[in-house]
Amino acid sequence: MCGSVVSDSEREFEFHFWGFGHLGKEEERIMAGKRSSPFSSPLLRPPPEFLNVKEEGETETPCWRKEVDENLKRLQSLLFGADKFLEKSDFSSAQILGLRLLGFLDSRSVTDADRDFIGPIRREVASKIDLALEGLVSDSDRKAFELANTAPGAIFGSKGGFDVEKIKQSKYFGFHVSQSNGKGVKEMEERHDTDKLIPKAPKSMMQAKLTSLYGNSIGKPDNQRKTSVNNQDRASDECVIVERSHGFGFGTKRPHAETSSLANDGEVKEDGAPNGFVSAKIKLEMDVRQKRGSTESPSSCLSPQSDKNALGRGYGSRSGGLRRGYRSNFVPPVKTNGNNVGNLTSRIGGKTDDALDDSTRTCLEMLCGPDGELPEKLRNLEPRLIEHVSNEIMDRDPNVRWDDIAGLEHAKKCVTEMVIWPLLRPDIFKGCRSPGKGLLLFGPPGTGKTMIGKAIAGEAKATFFYISASSLTSKWIGEGEKLVRALFGVASCRQPAVIFVDEIDSLLSQRKSDGEHESSRRLKTQFLIEMEGFDSGSEQILLIGATNRPQELDEAARRRLTKRLYIPLPSSEARAWIIQNLLKKDGLFTLSDDDMNIICNLTEGYSGSDMKNLVKDATMGPLREALKRGIDITNLTKDDMRLVTLQDFKDALQEVRPSVSQNELGIYENWNNQFGSLSL
């Protein structure tokens, strides 16, 4: 910079612009790069970083171009930042940068020549501030000015005179007015000189912050240069007029512009955050409530402790009730009134009410008690786990009743005693008559165990959880146990509840010392603990498990499942009922009793699922025969197909074979004789 060549006109402009025009002959020695005596004016004394202190205590002035370059950089940065924020419609930040630039220009206006050179730039900056203030005017105020046919200006105006003494005696302005009286220009210059000697942050940091405007981030203003309307003593008359418009304070980091009437303006100053300060978290909560049409006031987000300490709070201090770290689980000691769902959800997993989805929030609201508090079992669980378990609730009627199940009279009677009757008459089924809390349905596959669970969901007016192994397992270590806790916690909140676990042997198989993963063992242990814990006598929760491998169940799980019902293969009468019921639904039943007896004898050892597949294959016989006659399937009608006959079932028996072996039936019968609940 020192070696560059400039013209005389440029040199004269730079000296007059930055306050060097009053030095006289001294400037020639400075421009020539020679040593000179220290600056005569305290306002033009360079910062400490530009002074080279020698051992003898003498000081050497730096190259004047460096200081000019720093001033130009600051001017361009602030001016560019204000223009950039105006383009982005960020009027609040543009206003702050414009005011900082205005103060910077005023600090360099020492002589009349300086004011003449700086005047055009100052008027341009003032116009940018006016544009920012017009952008900050709320829609309601703008409409009011349009109706009054008046240009937007100061909200508080007075056509007549005002009493200065009354203002001095005011609670808010008396102190500042009394302090400002008697202060001359000399005192202000001395104070400015003192401020110049205070070490400040390097200007490179401010330049780095302002360069972030090329992206989406916004540079934060310097805290040492922020001043409010009340304590700004050195502002010019034009600055006072600008700051008075619409009551926006300039001592805020990011002032929150909200629509407020003149009547409640005082209430906002007293109850809201002091000096208009709004933290990022509270600002986000206010925006979310405004989008959802909430009528809760922004001041309710702050706890009483934070309101009490807000007056002495700086930018580096922390207020009570706010999170102190990333995903912190800090619980504020003060309990707020009103809707407690958001406060409770903030305790779960460190998430606030704004971080939850609508489905998760709805799920938590359904589980809250009359006081708006979550039960003790669910407070330490993450909301997503609670929602995951709640999604397993069967909210649709499976349209299965006891009449749709063939045979199994003993199983129907036991389930009615354990589920249906206690729900209808809880006053009778208590004490010694209280039903068991565990039911096991075991038997060969395809015999109707899952169908019994669906019938329970249709007959019992209770919350029905349809659980499988995938519902309680996760790839994350420790999450399976939390899902088990969430399952029984939600069931306790939604009681009367029925938990149906299909293929329960996959979850509660026998625990082994070798060859078993640690996470699987912890999951079984947690499940057994919850099964033992919810059996308190007063809770209406029933656990039903269905399995094809009862011999692989853990002994502790077998003890907790007090009723163990064997679901055998359907009898001859049950098989005939299945055939008749399925064919009558489609209007295809024309078989005689002799044909039914023959079919039942030929289907010995078939399960209920095998019988259903047999009927489906038999009904395909008339269709295959019609297609063999050359009828196009696109033109085929029901009249072209004959009814189902015995021969169709005999042909289907060649395609559909029984799925259960006789050896497996022996295992089920032996286990039933040893551990099952036998029929009377």
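Cβ coordinates are placed from backbone N, Cα and C, and glycine is handled just like the others.
Under the heading ATP binding site, Swiss-Prot lists ALA406, GLY446, THR447, GLY448, LYS449, THR450, MET451, citing similarity to another entry as support. Secondary structure from DSSP puts GLY448 (ATP binding site) in coil.
Annotation source Swiss-Prot lists compositional bias 'Polar residues' at 295-308 (among others).
According to Swiss-Prot, the feature compositional bias 'Gly residues' maps to 313-323.
As annotated by Swiss-Prot, compositional bias 'Polar residues' applies to 336-346 (among others).
If you look up Swiss-Prot, you'll see 214-234 (among others) marked as region 'Disordered'.
The region 'Disordered' annotation in Swiss-Prot covers 250-275 (among others).
The annotation region 'Disordered' is assigned in Swiss-Prot to 288-352 (among others).
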>> Other than ALA406, GLY446, THR447, GLY448, LYS449, THR450, MET451 themselves, what residues in this chain have Cβ atoms within 8 Å of the centroid of the ATP site's Cβ atoms?
In response: ILE405, LEU408, ILE452, ILE567, SER607, GLY608, SER609
> Among the binding-site residues listed here, THR447, THR450, which has the most company in the form of other Cβ atoms within 10 Å of its Cβ?
Replying inline: THR447
>> So if I draw a 10 Å sphere around the Cβ of GLY448 (ATP binding site), how many other Cβ atoms end up inside it?
In response: 25
> Going by DSSP, is ALA406 (ATP binding site) part of a helix, a strand, or coil?
Replying inline: coil
